[in-house]
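*Asks:* Questions regarding the structure given below will be posed in turn.
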Amino acid sequence: MSLVNGYVKYKGFKEEEEGAFTMSRSRKNGTKKYVYACAVFASLNSVLLGYDVGVMSGAILFIQKDLIITEFQEELLIGCLSIIALIGSLTGGQTSDAIGRKWTIALAAVVFQTGAAIMALAPSFEVLMIGRLLAGVGIGFGVMIAPVYIVEISPAMARGTLTSFPEIFINLGILLGYISNYIFSGLSEHINWRIMLGVGIIPSIFIGFALFFIPESPRWLVMQKREKEARAVLLRINETESEAMERLLEIQEAANQTKRHEEGAVWKELFNPSPSLRRMLITGCGIQCFQQITGIDATVYYSPTIFRDAGIQTDQGILAATVAVGFTKTMFILVAIFLIDRIGRKPLLYVSTIGMTACLALLGIALTHQHGSGLVAPDVGVGLAILAVCGNVAFFSVGVGPICWVLTSEIFPLRLRAQASAVGAVGNRLSSGLVAMSFLTVSHKITVAGTFFIFSFLSLLSVYFVYRFVPETKGKSLEQIEMLFQSEDDWRKGRDLQLSDVQRLVQED
């Protein structure tokens, strides 16, 4: 009888254990889905930036004909968005600290939506510019806040993947912009570009629905002394209660350090940084600038100009080629998302920067042969140009595209994160704007091919920058990353990467 009772107790224990395991696995899956959904919704603003970049590359062909604008006005219209985005990025840090990360995402969508509506209805170049400026401010907010929000709700082991989501959505937006160009290009020149620009309002509508779903950042809630709400959020985004409490204690400790700094002292500290903060700024702002001075936005914005220079004659043919570029850019960002938390940031950055250097040089060679020696047949030259552009955007998407935002969002301490990320975004948008606003002028002076040889040289410099100034942050908590920059020795140890790591990545690819 005792044997039977023992068996019954053992069976009951096993069933209870299996039930607990099932509940634990169910909670783990539910938490993972919830965090991923929050990252997706927070990244929707990035669709707006991507769509604007993609759609303007084709819409400008028809704006030129409808509003009869000059080449200078074309450069101003395209490049001003990145420059004006500085305002949104600079004020975004303070705004997100004042009203929260979540409502800054909402503000970005509203401002962009207003600008897009004005552009779609613009009767003149001047009104079009007003809408463009508003859209730029909204994009500045969105570019700065999405990575900050995501990094503050993400677990360490998935932070690289989740913080890459904004870059995925930028690429998706670019592809949608290219497709919109192709679909509406057959309409009247007075109507088609207006529809192309007006469609950009649609993603911001979904952001409104997202606000009912996503929580506020737990780190911001702790900064506002709303620990109870922060605890509730952490319980939803962590797999176990003990893990949530551990993260809460880490955040509270970081917040206590922050309280010892006055609000005005944050900017003072950024402009007069300590040695550790200086290392963070070099890494964060440097990678942001290199992402853009290698010409990625010029490649995307002016892809019709590049393909026309390569020998494609018709608008339909040019827009079809840009769709191929957008598709390639979007597909390869998925490769980065799969590898960033498995392989690490630095191996991907090496593959990315080296590959971009080679593709930019190949594009320069292809365009040179089209207008020079004639050693390459015209059709072959067109094929090489398309291959080089697609290769460039593919290598960009595999590494420096998403990792730029991941690094900037995870290396700075909590008390400085929003403002320091804003400074990085400013460097990014300023570099993008200067390149976009000077591309046509420089190309006329030294040819389109010569311009891409310059981009190739700058990309080569970025390889050295990655080696010299970028540490590996894979798998580390935000607090551990902060400690990585505290001493020169720790920074160098985090910076070093064995060649075998890169070889392993190439073999896995």
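From the backbone N, Cα and C atoms, a Cβ is placed for every residue, glycine too.
Because TrEMBL annotations are produced automatically, they should be read as predictions rather than curated entries.
From TrEMBL, for reference:
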- 34-63: transmembrane segment (TRANSMEM)
- 38-474: domain 'Major facilitator superfamily (MFS) profile' (DOMAIN)
- 75-91: transmembrane segment (TRANSMEM)
- 103-121: transmembrane segment (TRANSMEM)
- 133-151: transmembrane segment (TRANSMEM)
- 163-183: transmembrane segment (TRANSMEM)
- 195-214: transmembrane segment (TRANSMEM)
- 223-257: coiled coil (COILED)
- 318-340: transmembrane segment (TRANSMEM)
- 347-368: transmembrane segment (TRANSMEM)
- 380-408: transmembrane segment (TRANSMEM)
- 420-440: transmembrane segment (TRANSMEM)
- 446-467: transmembrane segment (TRANSMEM)
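Mind mapping these onto the model and telling me what they sit next to?
*Replies:* Same-chain residues lying 6+ beyond the ends of the transmembrane segment (34-63) with a Cβ under 8 Å from its Cβ atoms: 69, 74, 77-78, 81, 105, 108-109, 112, 116, 128, 135, 138-139, 141-143, 145-146, 149-150, 153-155, 158, 162-163, 165-178, 180-182, 185, 189, 192-193, 196-197, 199-200, 203-204, 206-207, 210, 213-215, 236-237, 297, 300-304, 315, 319, 322, 326.
Long-range contacts of the transmembrane segment (133-151) within its own chain (CB-CB distance under 8 A, at least 6 residues past either end) are made by residues 38-39, 42-43, 45-46, 48-49, 52, 80-93, 95-96, 101-102, 104-105, 107-116, 118-119, 159, 162-163, 165-166, 200, 217, 405-406, 408-410, 417-418, 421-422, 425, 428-429, 478.
Within its own chain, the coiled coil (223-257) has Cβ neighbours under 8 Å at 24, 27-28, 31-32, 34-35, 38, 97, 100, 153, 155, 215-217, 413-415, 477, 479, counting only residues six or more beyond its boundaries.
Below 8 angstroms of C-beta separation, residues 54, 57-58, 160-161, 164-165, 167-168, 171-172, 174-175, 177-179, 181-182, 185, 299-300, 303-304, 307-308, 312, 348, 386, 389-390, 393-399, 401-403, 406, 474, 505, 508-509 of the same chain, each at least six residues beyond the ends of the transmembrane segment (318-340), sit close to that stretch.
Here the transmembrane segment (380-408) has long-range neighbours at 147, 151, 159-160, 163-164, 166-168, 170-171, 283-284, 287-288, 290-291, 294, 296, 299-300, 303, 306-307, 310-312, 321, 324-325, 328-333, 335-337, 339-340, 345, 348-356, 358-360, 362-363, 365-367, 369-370, 420-421, 424-425, 428, 462, 470, 473, meaning same-chain residues at least 6 beyond its ends whose C-beta is under 8 angstroms from one of its own.
Only residues 6 or more beyond the boundaries of the transmembrane segment (420-440), in the same chain, are considered here, and those with a CB under 8 A from a CB of the stretch are 71, 74-76, 78-83, 85-86, 89-93, 140, 143-144, 147-148, 270, 280-281, 284-285, 288-289, 291-293, 295, 297-298, 301-302, 305, 404, 408-409, 412, 451.
If you look at the transmembrane segment (446-467), the same-chain residues 6 or more away from its ends with a CB under 8 A from one of its CBs are 286-287, 290, 293-295, 298, 305-306, 309, 346, 349-350, 353-354, 356-358, 360-361, 363-368, 371, 400, 439, 495, 497.
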*Asks:* Across the whole of the domain 'Major facilitator superfamily (MFS) profile' (38-474), what does the mean pLDDT come to? Round it, please.
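*Replies:* 85, rounded to a whole number.
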*Asks:* Per the 3+ Cβ pairs under 8 Å rule, pairs at least 6 apart in sequence, do the transmembrane segment (163-183) and the transmembrane segment (195-214) touch?
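*Replies:* Yes; at least 3 Cβ pairs under 8 Å.
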